[in-house]
Amino acid sequence: MKILVVNCGSSSLKYQLFDMKNEDVLAKGLVERIGLEGAQLVHQPGQSDKVKIPAEISNHKIAIKMVIETLVDDSVGVISKMDEIQAVGHRVVHGGEEFSESVLINDKVMDAINKCIDLAPLHNPPNIMGIEACSEVLPGVEQVAVFDTAFHQTMPEKSFIYGLPYEAYEEHAIRRYGFHGTSHKFVTQQAAKLLNKNVEDLKLITCHLGNGASIAAIDGGQVVDTSMGLTPLEGLVMGTRCGDIDPAIVPFLMKKLDLDADGLNNYMNKKSGVMGISGVSSDFRDLEEASEKGNKRAALALDIFSHRVQKYIGSYAAVLNGVDAIVFTAGLGENSPETREQVLSSFTYLGVEVDKEKNNVRGKATDFSAEGSKVKTLLIPTNEELMIARDTKNLVG
Ligand code: ADP
């Protein structure tokens with residue numbers, strides 16, 4: 001079975017075509033600058049070189065059409081006809097309380113995704129455009145929606161209700177939802193495989209540390225708490241997002257900086273985090289380099305980042321009443337042995353011992369805990385596209 005996985009942003013469309021027989025990626029690519037000047041499709045068939053195809057791509061439907069034409073193209077294509085694509089799996093950012101798992105898309109599902117626009121005004125509309133474009137270009141092909149929020153829907157009320165009047169939840173759906181769920185779910189399953197255990201028997205803390213970053217406490221395969229909230233702004237200090245702050249700072253800064261709600265939202269989402277603290281970059285590679293050269297604010301940003309991760313791991317170890325494994329994933333989690341070691345240095349009291357040599361690894365599934373460590377420490381590369389393809393396959397049978 002061949003499955004196309006699609007992830008639509010407002011001006012971009014990422015895709016991967018999987019052959020689910022061996023979960024091979026037959027091709028992947030990106031359409032960028034949709035609706036803008038300089039649009040192009042960057043396509044990579046299998047392990048071959050990338051090809052760039054500039055074109056006028058005014059909307060997502062044209063983008064999808066172009067992707068399909070490229071996939072069946074005589075020279076750079078990987079399938080002979082478009083009928084070979086048996087299903088499409090879509091990343092959808094917000095599923096609200098409606099979706100606790102992936103679903104086959106029908107009119108009712110589309111209505112529910114549309115209702116969630118209020119909660120994710122920047123993300124759900126392009127996801128919807130992608131689904132509608134595929135319905136037109138690939139009529140009759142089954143489509144599946146895989147939500148970033150779904151895996152976190154097992155959280156109990158005590159984790160997801162804010163300390164606001166209960167009416168804020170009842171009337172405005174204000175609660176913690178959590179994001180990166182597809183990644184947390186994928187690494188949970190892979191961690192169980194690596195440890196040769198059943199997911200049901202494990203207490204895990206999964207740390208998705210990329211440009212956006214979140215942590216989840218997972219008991220027996222069920223999320224019991226996670227660091228992102230109503231939006232992906234809550235929790236850890238991230239590349240450009242502030243994470244947890246005293247909420248009173250919001251009205252204070254709106255007055256001081258003469259910003260309206262959108263202005264402050266932009267300030268907290270785009271100008272804050274390690275970027276805002278360091279004044280150097282949102283990229284942890286740049287921060288490590290600047291810090292080594294003696295830049296104090298870059299060093300401070302890295303310290304603040306690790307400190308916040310430690311606070312969440314510590315609180316989740318308490319919430320779970322113990323932890324069997326701490327899992328690191330995403331750009332920084334997979335590629336920075338220094339960050340992993342630094343973060344874990346606070347947990348000797350839990351019996352965490354890191355094997356420095358084993359920890360000197362990037363992007364490869366590894367148990368890097370020392371012999372006899374009471375808590376396993378794991379690096380698991382995430383693969384959200386594969387998780388979407390697997391869910392899609394399970395749903396279309
Ligand atoms: P996102 O999908 O949210 O953009 P990624 O999971 O791709 O994020 O992570 C991107 C981040 O990972 C980059 O900002 C960079 O800081 C970090 N990163 C990637 N490679 C390395 C590395 N070798 N060392 C340190 N940090 C890295």
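The backbone N, Cα and C atoms fix where each Cβ goes, and this holds for glycine too.
What TrEMBL annotates here:
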type	residues	note
ACT_SITE	D148	active site, proton donor/acceptor
BINDING	N7, E384	Mg(2+) binding site
BINDING	K14, H208, L209, G210, N211, G212, D283, F284, R285, G331, L332, G333, E334, N335	ATP binding site
BINDING	R91	substrate binding site
SITE	H180	site 'Transition state stabilizer'
SITE	R241	site 'Transition state stabilizer'
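All chains included, 22 other C-beta atoms sit within 10 angstroms of the C-beta of N7 (Mg(2+) binding site). Here the C-alpha separation of the residue listed as 'substrate binding site' and E384 (Mg(2+) binding site) works out to 9 Å. Selection of the binding-site residues K14, R91, N211, D283, L332 by a Cβ distance under 6 Å from ligand 1 yields, in sequence order, N211, D283, L332. Note: K14 (ATP binding site) has non-local neighbours V6, N7, C8, K28, G29, L30, i.e. same-chain residues 6+ apart with C-beta under 8 A of its own C-beta. Residues K14, H208, L209, G210, N211, G212, D283, F284, R285, G331, L332, G333, E334, N335 are the ones the record ties to ATP, and the longest Cα gap between any two of them is 24 Å. E384 (Mg(2+) binding site) is 14 Å away from L209 (ATP binding site) when you measure Cα to Cα. For the binding-site residues listed here (D283, E384), the lowest count of other CB atoms within 10 A around the CB belongs to D283.
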